[in-house]
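A quick write-up on the structure given underneath.
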Ligand SMILES: CSC[C@H]1O[C@H](OP(=O)(O)O)[C@H](O)[C@@H]1O
């Protein structure tokens, strides 16, 4: 796989792949302040639930490293404030607050400011390293669901650049390409920000995966008239009963898959589960600015004064999901009642 990493720790700064510019150019940004990190997450220069969590973790570690003084209580106050600030960038992907909480837990018993600073950096790096291994395992479990020459549909970009590496929903396709296991992918363009058209096609072509781009409105006709053996998508937050928030358009894809008797899978790490929420009704859905729908690139495609509704995510009810693919294995649709146990026991 020759795909650049989306987020990297550089000691006194954070290097990110600027996902806004792909596929027209592959450029990197150096984030030197926590404000840079907040903006990069908010404007989707770095995006994708796991990548957002990793960027926030590095951002908090960076904020910690810039703290001046030796008073431990003042440091904890500083970190709590910076954590709340970073958490305000985007509300839906639970990986963001999960990562921030994990770092704060790691400094609870620090004996000094220096020890706490070191713990923040080490834990943020650990989250990134773990995520790459987690995504590899998700990819292997997902690949076991497919047969050679299958045709699989996906939406948005749950790819390598949405994570530390490999991706979640796209991981099986990257791994398949490495072992000469032919799979075809239908990538939905994913209006309004076109993560599918811009990012998923770009990633899969880099890996030599056979990918066909369709508009979101073509999904039903494609399922009806073409070979579509499965649908696989990422996730931003999964509630205790298996309801899943993912990019807007995912819920519609799940309904279409059910109508056409096509299995519908969610691929996500355990860090994307939020079992404090009973069901998907409780998942916060980000609404984004109107211009994202009124314009495509720099071109207005609707009158400027047109009213707009721009939810960035929707929630797919568990009953439409055939299975949730995690790093520990596949939670089949009949096992969703066991999801809370995953966070008390070690394996499926
Ligand atoms: C691997 S999780 C990727 C997940 O995040 C995307 O949202 P966004 O592009 O707004 O960050 C989308 O929901 C993907 O499935």
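In case you wondered, yes, glycine gets a Cβ from its N, Cα and C as well.
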Suppose a student reads TrEMBL and sees 47, 48, 49, 90, 246, 247 listed for substrate. Which of 140, 195 should they find annotated at that same site?
195
I need the neighbours of the substrate site defined by 47, 48, 49, 90, 195, 246, 247. Which other residues of that chain put their C-beta within 8 angstroms of the C-beta centroid, in sequence order?
52, 93, 156, 157, 158, 162, 234, 236, 312, 313
Quick one: Cα separation, residue 247 (substrate binding site) versus residue 156 (site 'Transition state stabilizer'), in Å?
6
Using Cα coordinates, what distance in whole Å links residue 236 (active site, proton donor) and residue 90 (substrate binding site)?
11
Minimum Cα separation from residue 156 (site 'Transition state stabilizer'), reported as the residue among binding-site residues 47, 48, 49, 195, 246 that achieves it:
195
To see if you understand the setup: which same-chain residues, six or more apart in sequence, place their Cβ under 8 Å from that of residue 246 (substrate binding site)?
155, 156, 158, 233, 234, 235, 236, 266, 313, 314, 316
Local backbone state of residue 49 (substrate binding site), from DSSP in three classes:
helix
For a quick check of understanding: given the listed substrate-binding residues 47, 48, 49, 90, 195, 246, 247, what is the maximum Cα-Cα distance in angstrom, as an integer?
17
